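Chemist: My questions all concern the structure below.
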Amino acid sequence: MGKRVEDAFFKKVTAAKTDFPVGVEALYEAAQKKFEKNPFGYIYSGASGEETLRNNRRAFERWAIVPRFLTDVSEVDTSVTLFDKTYATPILFAPVGMQKLAHEEAELATSRAAAKFGIPFIQSTVSSYSIESIREATTDSPKWFQLYWSTVDEELPKSMVQRAERAGYEAIVLTIDTVRIGWRETDLRNQFSPLKGGLGKANYVEDPVFQRSLRDDSEEALIDALVQHVHHPTLGWEQIEKLQSWTDLPIVLKGILHPEDAKEAVARGIDGIVVSNHGGRQLDGVIASLDALPAVAEAVAGRIPVLFDSGVRSGVDVVKALALGADAVCVGRPYIYALGIDGERGVTTWVEHLLEEVTASIALAGANSVKQVRKLTLVENK
Ligand SMILES: Cc1cc2nc3c(=O)[nH]c(=O)nc-3n(C[C@H](O)[C@H](O)[C@H](O)COP(=O)(O)O)c2cc1C
Ligand SMILES: O=C(O)C(=O)c1ccccc1
């Protein structure tokens, strides 16, 4: 007898019909039906004319995989090693704030779903549940903390980093592309601001440093302080040096698009970067994230991990991003749609589909590990 091959597709297609939407179009449509108009607008939309949002997807469609055959792909190793830790898949959940917009259980549900697969959950500074309560919900699973700097009081980011460290988080992801919020026309039309609604306050209200910045105990004072702390237009390398002095955790800069910024990060002892344009939500008209990836990966030349996000919607997309130089890939909106559609169960089903597609795609491309995926040939479609 030869090796028995597990074909997840064959099993699924012959099993009882799944009631969860299959594929990105169906996921989007189901989410649109389920969500209220304004939160949905906030989640799906991009900045200004949404040129970058569209280009993030177009960039994926421009690349084509040139597969190899007649190699043994009976076993596919999807694991990756980042900062000396090995994770079962090359996927991470991108930091998405205020997940109560999608579901009452918010990050408790998404972090639990991620935990089932050993997927690192990157918790946002503006999450709906605090660092401590998410830790409680998912004690042993890998979690990273995304930091928004505060220009108003630098003791606040320091305090948050220390809380994340105490809670056993494994890395700090400093977002550098949100010195202020992008020009979001859908939200302007809808007059919608989740911060104004008090969402995203959980990490702040539980922080003693934040408490001392409140002028009184009104809801208005709280929201005012929240908005003040989130913006950080003076963020620079000087502040990053302070961050490095506060923690021994790996520091990852999220939002790199220029190879020179990537080189600077390496030179300054940064541990990792995320090539990202924030899902087209910040400056519209910037380069598609996937178009920025090859040059950034070349500049980094394997010295630190290069992560990628913005526009990943399928297992094939994951393979393309890895082949173009990413060491691992973050997904944003799709897991939030799945959360809104069916809570923890929805996110779990969506991840199952994604991972099965990742494995099938790697094998069909003629690779049997992430290392081999990174050597695949990709060409630009004519
Ligand atoms: C609703 C929403 C909220 C987000 N909140 C944050 C956040 O708090 N911090 C952060 O660094 N990025 C945030 N992002 C950006 C994501 O981390 C990620 O860069 C982006 O969603 C990736 O693109 P994708 O949605 O096309 O996968 C948010 C994105 C969305 C859609
Ligand atoms: O909406 C976002 O993309 C985002 O990153 C953000 C930034 C500050 C406050 C709330 C959300």
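Heads up, the Cβ atoms here are built off N, Cα and C, so glycines get one too.
Found this in TrEMBL, in case it helps:
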type: ACT_SITE; residues: His278; note: active site, proton acceptor
type: BINDING; residues: Tyr42, Tyr148, Arg184, His278, Arg281; note: glyoxylate binding site
type: BINDING; residues: 95-97, Ser124, Gln146, Thr175, Lys254, Ser276, 309-313, 332-333; note: FMN binding site
type: DOMAIN; residues: 16-382; note: domain 'FMN hydroxy acid dehydrogenase'
Chemist: 10 Å Cβ neighbour count around Arg184 (glyoxylate binding site)?
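Modeler: Step by step: centre on the Cβ of Arg184 (glyoxylate binding site), count other Cβ atoms within 10 Å, giving 21.
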Chemist: Considering Cα atoms only, can you say which of Tyr42, Arg184, His278 is the nearest neighbour of Gln146 (FMN binding site) among these recorded positions?
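Modeler: So, spelling it out, the nearest of the recorded positions is His278.
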Chemist: Measuring Cβ to any atom of ligand 1 with a strict under-6 Å cutoff, which of the binding-site residues Gly97, Tyr148, Arg184, Gly311 qualify?
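Modeler: By the Cβ criterion, which requires under 6 Å to ligand 1, the hits are Gly97, Gly311.
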Chemist: Test of understanding: give the count of other CB atoms lying within 10 angstroms of the CB of Tyr148 (glyoxylate binding site).
Modeler: 22
Chemist: What's the number of neighbouring CB atoms sitting within 10 A of the CB on Gly311 (FMN binding site)?
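Modeler: If we count other Cβ atoms within 10 Å of Gly311 (FMN binding site), we arrive at 27.
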Chemist: Using CB under 6 Å from any atom of ligand 2, narrow the binding-site residues Pro95, Gly97, Lys254, Arg281, Asp309 to the ones that qualify.
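Modeler: Result: Gly97, Arg281.
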Chemist: Round to a whole number and give the Cα-to-Cα distance in Å for the pair Asp309 (FMN binding site) and Tyr42 (glyoxylate binding site).
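Modeler: Just about 18 Å between their Cα atoms.
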Chemist: If you draw a 10 Å sphere on the Cβ of Gln146 (FMN binding site), how many other Cβ atoms land inside?
Modeler: 24
Chemist: Between Pro95, Gly97, which of the binding-site residues has the fewest other CB atoms within 10 angstroms in the structure shown?
Modeler: Gly97
Chemist: Could you tell me the C-alpha distance between Arg313 (FMN binding site) and His278 (active site, proton acceptor) in angstrom, no decimals?
Modeler: 15
Chemist: Could you give the maximum C-alpha to C-alpha distance in Å for the residues Tyr42, Tyr148, Arg184, His278, Arg281 that bind glyoxylate per the record?
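Modeler: Across Tyr42, Tyr148, Arg184, His278, Arg281, the two farthest Cα atoms sit 19 Å apart.
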Chemist: Among all protein chains shown, how many Cβ atoms are found within 10 Å of the Cβ of Arg313 (FMN binding site), not counting that one?
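Modeler: Around Arg313 (FMN binding site), other Cβ atoms within 10 Å: 19.
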Chemist: So among the binding-site residues Arg281, Arg333, who's got the most Cβ atoms within 10 Å?
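Modeler: Going through Arg281, Arg333 one by one, the largest Cβ count within 10 Å is at Arg281.
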Chemist: Translate the DSSP assignment of Arg184 (glyoxylate binding site) into the three-state scheme.
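Modeler: Arg184 (glyoxylate binding site) sits in coil per DSSP, no helix or strand.
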